[in-house]
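In what follows, a single structure is set out as structure tokens and then discussed.
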């Protein structure tokens, strides 16, 4: 949520003194409770993605059910039933019809972006190798950083870029381990097409994640999920009818396949529902860094379920990514709301610097907080 409160405007001398105050992070050391919670929340998302990957693998390889659009459709239907109906019964400006009147075309574009991001990455598995997908999917990180810098006005420090570099180094280590144990083999035909699909999907993921962060900070999580459910179900239903209806008829339906679809939908619904909570507490960049460990969780499960070969580089990769996450989360980023006024951004949360109150003040100015909500501050909805 975005809150606006009336605060006294400070003189130029006071503003200068405020900007020279030390920037307080989440604690005196890197190992803080808030930082560890942030890393742990990201790993919950990675485990959900692991569940999504495992159920998809069973469906496609064991039962030859190649239905990525149908699987997305099931998730959007669940979001529609839970969150869109919640918006429909609300009153006032938070009602579904009121939101559609003001912002329908924005959510229509976002729904298309979210749907096609999922589709492009899944489609890429038919053309390129697993290693290429793992490495190129990291392209989402610079996309999120650039969009966050220009549109969310998030400002990073050197330690954040160091943490990002260490995380990507860990992904490179995992790709190297895949090559050593022979998991780099894939379809491989039309590899350039597959690589371009991954880059396209990663770009759309980055746009969707940053847009999601903006919505949940300025509007609400329920509105985001409700509108994604509405337009995602609509467009995925159309795409399903056009592109995938024949594949759906080929599925050998039985209780096992039904259970896999239910498991996939539950993990996907949990991911969509929980991700806004984690993004609001951390940031879209932090979440995407955390998701780098999802492939490693899938690998560790595959050691027992699919008898994958093991390499010590996988453990090295896992701990390297975790170290990068802790480096990134060890200090706070900042939001540049105004060249004169800076507000600490929750990444993770830290104490807010109190403004000086001794000097004479000027007429009121609006001060925008994107940190912890307080009941005293009125809600402001952005059209």
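The backbone N, Cα and C atoms fix where each Cβ goes, and this holds for glycine too.
Owing to the predicted nature of the structure, the values given are computational and were not obtained by experimental measurement.
Among the features that TrEMBL reports, transmembrane segment is placed at 35-54 (among others). Within the chain, the transmembrane segment (35-54) has long-range Cβ neighbours (under 8 A, six or more residues past its boundaries) at 26-27, 263-264, 266-268, 270-271, 274-275, 277-278, 281-282, 286-287, 289-295, 297-298, 301, 305, 322, 325-326, 329-330, 347-348.
Long-range neighbours of the transmembrane segment (74-92) within the same chain, counting only residues 6 or more positions beyond its ends whose Cβ lies under 8 Å from a Cβ of the stretch, are 98-99, 115, 222-223, 225-230, 232-233, 236, 261, 264-265, 268-269, 272-273. The feature transmembrane segment is assigned by TrEMBL to 74-92 (among others).
Under the heading transmembrane segment, TrEMBL lists 104-121 (among others).
Positions annotated as transmembrane segment by TrEMBL: 133-154 (among others).
The transmembrane segment annotation in TrEMBL covers 161-180 (among others).
Per TrEMBL, transmembrane segment is recorded for 192-212 (among others).
According to TrEMBL, the feature transmembrane segment maps to 224-243 (among others). Listed by sequence, the residues of this chain that lie at least six past the ends of the transmembrane segment (224-243) yet keep a Cβ under 8 A from its Cβ atoms are 69-70, 72-73, 75-84, 86-87, 96, 99, 103, 107-108, 110-112, 114-115, 119, 212, 215-216, 272-273, 276.
The transmembrane segment annotation in TrEMBL covers 255-275 (among others).
According to TrEMBL, the transmembrane segment annotation covers 287-308 (among others). The list of residues near the transmembrane segment (287-308) in space but at least 6 beyond its ends in sequence, with Cβ under 8 angstroms from a Cβ of it, reads 39, 41-43, 45-47, 49-50, 53-54, 57, 134, 138, 140-141, 144, 163-164, 167-168, 170-171, 174, 181, 183, 205-206, 209, 275, 278-279, 314, 317-318, 321-322, 324-325, 328.
The transmembrane segment annotation in TrEMBL covers 314-336 (among others).
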Counting only residues 6 or more past its boundaries, what in the same chain has a CB within less than 8 Å of a CB in the transmembrane segment (104-121)?
68-69, 72, 76, 133, 137, 197-198, 200-202, 204-205, 207-208, 211, 227-228, 230-232, 234-236, 239
Please give the sequence-distant neighbours of the transmembrane segment (161-180): residues at least 6 beyond its ends with Cβ less than 8 Å from one of its Cβ atoms.
130-131, 134-135, 138, 141, 145, 285, 289, 292, 295-296, 299, 311, 313-314, 316-321, 323-330
